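Peer 1: Below: one structure in structure tokens.
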Amino acid sequence: MGHRIPEETIEAIRRGVDIVDVIGEYVQLKRQGRNYFGLCPFHGEKTPSFSVSPEKQIFHCFGCGAGGNAFTFLMDIEGIPFVEAAKRLAAKAGVDLSVYELDVRGRDDGQTDEAKAMTEAHALLKRFYHHLLVHTKEGQAALDYLQARGWTKETIDRFEIGYAPDAPDAAAKLLESHSFSLPVMEKAGLLTKKEDGRYVGRFRNRIMFPIHDHRGETVGFSGRLLGEGHPKYVNSPETPVFRKGAILYHFHAARVPIRKRQEALLVEGFADVISAAQAGIDYAIATMGTSLTEEQARILRPCDTITICYDGDRAGIEAAWAAAEQLSALGCRVKVASLPNGLDPDEYIRVYGGERFAGEAGCRRPLVAFKMAYLRRGKNLQHEGERLRYIDEALREIGKLSSPVEQDYYLRQLAEEFSLSLSALHEQLSRSQRERTKPREAPDGETARPMLAKKLLPAFQNAERLLLAHMMRSRDVALVVQERIGGRFNIEEHRALAAYIYAFYEEGHEADPGALISRIPGELQPLASDVSLLLIADDVSEQELEDYIRHVLNRPKWLMLKVKEQEKTEAERRKDFLTAARIAKEMIEMKKMLSSS
């Protein structure tokens with residue numbers, strides 16, 4: 001068994017690559033001063049807020065908060081585990097990882113031997129089923145069916161479509177011959193166990209569509225029955241390696257085209273993706289016939305534009321609405337392509353051809369236009385009550401638009417269609433927005449978004465951030481802060497980051513923000529990269545350092561002062577003036593101490 005990659009080897013890889021070169025393969029970067037800037041690949045934006053520091057070998061997006069080092073970037077952009085990212089960067093750095101081959105080849109540090117066996121078994125059966133389909137008489141009927149519906153040999157090979165034979169024990173015999181545990185294969189969803197103890201294949205006499213996770217591992221199948229009968233489709237169950245709601249079909253292959261176009265085409269089924277790809281649309285992915293889950297939506301969040309092209313029937317239109325609501329709530333720009341006659345993308349391509357479908361997908365409507373059309377369905381707009389209800393619902397959707405120009409465009413449409421005053425619609429919209437817009441406290445533990453102007457942060461929070469920035473760049477400052485403050489930072493994330501900084505220097509390292517960030521857990525890396533990019537002087541004066549420390553240590557005292565103020569007010573309300581006077585005296589003493597500290 002291989003060993004984990006030692007810290008010194010990881011450090012050699014980190015020093016052997018330039019993060020600007022690594023990120024430059026994915027993002028167009030332009031130098032501005034000491035750093036490079038570009039459009040963030042993790043969220044859609046028009047103005048570059050993605051910063052790369054060649055000096056510190058880190059990146060940070062001031063728009064969405066993503067941040068880290070070269071390892072983090074590759075893991076996030078490609079959806080790969082740390083060891084795979086290390087392997088790729090080691091090749092660039094000229095660092096030999098052959099001694100650690102087993103660990104590097106393992107796709108996930110935390111993956112169990114059982115889970116690895118499951119993915120290997122899926123890969124074996126995928127090759128077996130594909131071979132049967134394209135190279136044997138047994139699979140000829142299935143191959144004829146696929147080609148009759150318009151899929152070429154190249155498309156069948158590209159999607160590794162296969163055929164599972166009708167023989168009950170074919171899969172079990174193959175897996176057993178390769179030393180796979182049959183009980184584990186049952187747990188993997190590839191076999192079922194009969195009452196007599198025999199194991200038989202879950203998929204029989206079916207056209208097989210392999211399902212890959214976002215790293216390209218085969219983790220499941222969907223099998224379509226060849227001929228008549230029920231059930232028409234049999235799908236892999238939920239297993240340790242397959243969670244349907246966490247995977248978008250074909251995303252592993254479409255990731256690069258999606259990133260290049262900054263657009264994804266979201267469809268419902270396997271056949272829709274395959275037909276779209278054959279038509280030249282290689283940025284299509286599918287929810288595999290289920291409603292879009294929150295996990296799937298978050299996968300698409302970095303994409304600039306998501307075009308939804310679901311089935312044109314009522315169920316498809318309602319599913320498109322639900323998916324659009326979920327994606328737009330995450331800040332995605334959503335458009336909707338509606339196909340005529342209730343057709344789905346696969347049917348449309350078979351009837352009208354791929355070129356015409358590409359045109360339909362290109363003529364997608366903005367989300368608000370789709371929603372306004374959806375809201376009209378089933379309403380008699382000649383009826384005053386239903387007409388007013390439609391206008392009210394449409395105004396709610398228009399009010400969600402951030403662009404005043406877009407708002408005005410749709411308001412004018414409403415005004416013209418229903419002979420309404422534009423000023424009246426503007427007034428109604430403003431009134432609705434005022435009613436909906438109320439101050440909302442962030443949930444517990446939620447930190448301020450990075451785009452928040454730093455000057456709006458409380459003084460103690462700014463002080464903590466600046467202290468952490470100086471600590472990352474100076475061992476001496478870190479030692480002073482450790483002695484004076486220790487773990488008494490007021491914000492939990494700041495306390496955690498400070499603890500890692502203390503440990504970093506205690507291990508004997510010199511100041512190196514990039515090396516430090518590589519040792520920090522992923523959830524803290526965006527904060528660390530953000531803090532390390534703060535514009536601060538190379539040296540901090542004793543007075544400045546003292547001021548920061550004072551702000552941090554005085555924060556609990558100011559909070560206590562507020563508590564005393566509430567206690568005094570409560571005593572006065574009870575007409576307990578003696579207690580109120582005593583508390584007032586305590587408050588005066590506390591304020592004196594705070595002003596002198």
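Here the Cβ of each residue, glycine as well, is placed from N, Cα and C on the backbone.
Annotations per Swiss-Prot:
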- C40, H43, C61, C64: Zn(2+) binding site (BINDING)
- E268, D311: Mg(2+) 1 binding site (BINDING)
- D311, D313: Mg(2+) 2 binding site (BINDING)
- 429-447: compositional bias 'Basic and acidic residues' (COMPBIAS)
- 262-342: domain 'Toprim' (DOMAIN)
- 429-448: region 'Disordered' (REGION)
- 40-64: zinc finger (ZN_FING)
Peer 1: When you measure from the Cβ of E268 (Mg(2+) 1 binding site), which residues in the chain that are at least 6 apart have a Cβ under 8 Å away?
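Peer 2: Listed in sequence order, they are A286, T287, M288, G289, Y310, D311, G316, A319, D344.
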Peer 1: Which residues, in sequence order, are found in the same chain with Cβ within 8 Å of the centroid defined by the Cβ atoms of C40, H43, C61, C64 at the Zn(2+) site, excluding those residues themselves?
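Peer 2: Checked against the 8 Å cutoff, the neighbours are P41, F42, E45, S49, F50, G63, G65, A66, P302.
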Peer 1: Could you state the whole-number distance in Å separating the C-alpha atoms of D313 (Mg(2+) 2 binding site) and C40 (Zn(2+) binding site)?
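Peer 2: Approximately 37 Å lies between the Cα of D313 (Mg(2+) 2 binding site) and that of C40 (Zn(2+) binding site).
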Peer 1: Across all chains shown, how many C-beta atoms besides its own are within 10 angstroms of the C-beta of D311 (Mg(2+) 1 binding site)?
Peer 2: 23
Peer 1: Same chain only, please: residues at least 6 beyond the ends of the zinc finger (40-64) with a C-beta under 8 Å from a C-beta of the stretch. Say none if there are none.
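Peer 2: For the zinc finger (40-64), the list is 14, 18-20, 23, 26-27, 29-30, 34, 70, 73, 76-77, 259, 262, 301-305, 331-333, 450-451, 513-514, 517, 526, 529-530, 532-533.
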Peer 1: For the zinc finger (40-64), jot down how many residues DSSP puts in helix, in strand and in coil.
Peer 2: 0 helix, 8 strand, 17 coil
Peer 1: So for C64 (Zn(2+) binding site), how many other CB atoms are inside 10 Å of its CB?
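Peer 2: By my count, 21.
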Peer 1: Note the mean pLDDT of the zinc finger (40-64), expressed as a whole number.
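Peer 2: Mean per-residue confidence for the zinc finger (40-64): 83 out of 100.
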Peer 1: What are the DSSP helix, strand and coil residue counts for the domain 'Toprim' (262-342)?
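Peer 2: Counting residues per DSSP class in the domain 'Toprim' (262-342), I get 35 helix, 16 strand, 30 coil.
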Peer 1: With Cβ-Cβ distance below 8 Å and at least 6 positions apart along the chain, what are the contacts of H43 (Zn(2+) binding site)? List them in sequence order.
Peer 2: C61, G63, C64, A66, R301, P302, G331
Peer 1: Same-chain residues six or more away whose CB lies under 8 A from the CB of C40 (Zn(2+) binding site)?
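Peer 2: Same-chain residues close to C40 (Zn(2+) binding site) (Cβ under 8 Å, separated by 6 or more) are V27, P48, S49, F50, C61, G63, C64, A66, P302.
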